[in-house]
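Found this in Swiss-Prot, in case it helps:
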- Cys87: active site, nucleophile (ACT_SITE)
- His179: active site (ACT_SITE)
- Glu181: active site (ACT_SITE)
- Ser232, Gly233, Gly234, Val235, Asp236, Ser237, Ser238: ATP binding site (BINDING)
- 3-204: domain 'Glutamine amidotransferase type-1' (DOMAIN)
- 205-395: domain 'GMPS ATP-PPase' (DOMAIN)
Amino acid sequence: MSTVAIVDFGSQVTQLIARRVRELGVYSEVFPPSTDFQAMASRGIKIDAFILSGGPNSVQQLHGVPNAVSDVLNLNLQKGVPVLGICYGFQMLAHYFGADVAQSVAREFGRAWLDVIEPSSITEGVWSLGSKVDVWMSHSDSIVGEVPQGFRVVARSADTGAVAFMCNDERKIYGVQFHPEVAHTPGGREMLDNFLKIAGCTRDWTMGSFLHTQIGAIKSATDGGRVVAAISGGVDSSVASVLVHKAIGERLVCVFVDTGLLRKGEASVVRDLFVGKLNMHVNVLDKSALFMQRLAGVQDPEVKRKIIGETFIEVFEQEAKSLGDIKFLMQGTIYPDVIESGVGESGTKIKSHHNVGGLPEIMNLSLVEPLRHLFKDEVRLLGKELGLPSAILDRHPFPGPGLAVRIMGEVTAERVELLREIDNIYIDMMRDSGLYDHIWQAFAVLVPVRTVGVMGDGRTYGYVCALRAVTSSDGMTADCFPFGETDERKLEFLAFLQKVSRAIVSNLQGVNRVVYDMTSKPPATIEWE
């Protein structure tokens, strides 16, 4: 199986490069700039192509070249491994080979136009010689003067004349100032496809091949040891647990912790799904009192996540001891969790996830995270490959910390119960209306702000609740629903929201105002905390 290594210099869209390559049938993995690729090669680990990502820094600030870049270009020289640099990666290549890179007089952000002045195997079938093409730019630095020796210019900015695409055909090194991985660059997917053809990559990465590889990896990693699985009933932990069960069978022990922060009737739903449909035994632990006690008086969302993560691990360590010789803890961590938590060296932390940033530094169980490098849509595809029912795979994402991060401010028993009922009304009505399967994720948020209202002849003073519904494919970007729908569809959804608002206010004491969150991701995250 071919592998493309992506060196991550901190771009918030690095994961999109990985997704695009995988969509083209080639396995890709993201590595930090400190990676020793020469050592990997000496151990027989074969990389078929390298992509250097964009990033927020400037090559003018560099004190020497990152180890990974030196390794990549040495492997290119020694073994002919093709290299593609994108944005900062392009500037890094130019800098490495001796070109001057400096801050641009005119920076380019967003849509930009290029003049195509030379042909290239990367743009074959995509751009025509002499044409003007639009791309997506996001950069402050540019090459000043000539491109490095051995390189030629394929395209320049129509506005500034700056080099936008250079290549060294003999060494199969390509640098683009724009972002071919984003949807805003027409033909970007085809350019990446051409790069993979140049690298001679085989198109054999599928969920079937991933499943086969992971089963072997799980068997090897656990080495006959027993694993306790943290399941929630959500898509990620369900797929992960079924995958691990397929690999090691009864050595997997599934544990469901009722934190008191879950959706209405969640424990019963989990029992029905795992025992009734998957024939897997589940130990249910009611730890709601413990979690509520630990969260008392806490308002900061990062502190809440940290407390929940630490308490989860504590509970599982205790359960592992009671079960006997348990050495591993399985979690349903997926790639967006890792990216948003800023675990990589160059990434910017957005918020911690209890599966990642919420973990204590010292833990007595080794982690098994079989989905760590998969995006949400890939997890669902893997679930289908494993034969999981749609009742599991079609569920909307639910955060590990549960309702605690959908209650702004302090978490109290009263607020949890109120939000649980609000959310249940919203989701039940969404299912009844036929909207549920058209929406990536929908939920309610309780805002600790009280507003004045009137019901009957009396004054009310209740909480505000916010409703959210978004469309997405992988959770990395999202639009509020019904963005992009027809005007008729938008009016229908507005009428639906009015019905939900009336149902919430009429049936629940404590809420007298309902609002709808119209924000996309970015600039917001999907969850409020």
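Placed from the backbone N, Cα and C atoms, the Cβ positions cover glycine too.
Have a look at these and tell me how they're positioned relative to everything else.
In the three-state DSSP scheme, Cys87 (active site, nucleophile) is classed as coil. When Cβ atoms from all protein chains are considered, those within 10 Å of Cys87 (active site, nucleophile) total 26, not counting its own.
The Cβ neighbour count for His179 (active site), using a 10 Å radius over every protein chain in view, is 23. When secondary structure is read from DSSP and collapsed to three states, His179 (active site) falls in the coil class.
For Glu181 (active site), other Cβ atoms within 10 Å of its Cβ number 28.
The DSSP secondary structure for Gly233 (ATP binding site) is coil.
If you average pLDDT over the domain 'Glutamine amidotransferase type-1' (3-204) in this model, you get 89.
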Would you count the other C-beta atoms found within 10 angstroms of the C-beta of Val235 (ATP binding site) for me?
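Its Cβ shell of radius 10 Å holds 24 other Cβ atoms.
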Using a 10 Å cut-off on Cβ-Cβ distances across all protein chains shown, tell me which of the binding-site residues (Ser232, Ser237, Ser238) has the largest neighbour count.
Ser238
For the recorded ATP site, enumerate neighbouring residues of the same chain (Cβ within 8 Å of the Cβ centroid of Ser232, Gly233, Gly234, Val235, Asp236, Ser237, Ser238, site residues themselves excluded), in sequence order.
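Nearby residues not in the site list: Ile231, Val239, Ala240, Gly332, Ile392, Arg395, Phe398.
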Between Gly234 (ATP binding site) and Cys87 (active site, nucleophile), find the distance joining the two CA atoms and give it rounded to the nearest Å.
37
Near Cys87 (active site, nucleophile), meaning Cα within 10 Å, which of His179, Glu181, Val235, Asp236, Ser237 (recorded positions)?
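Of His179, Glu181, Val235, Asp236, Ser237, within range: His179.
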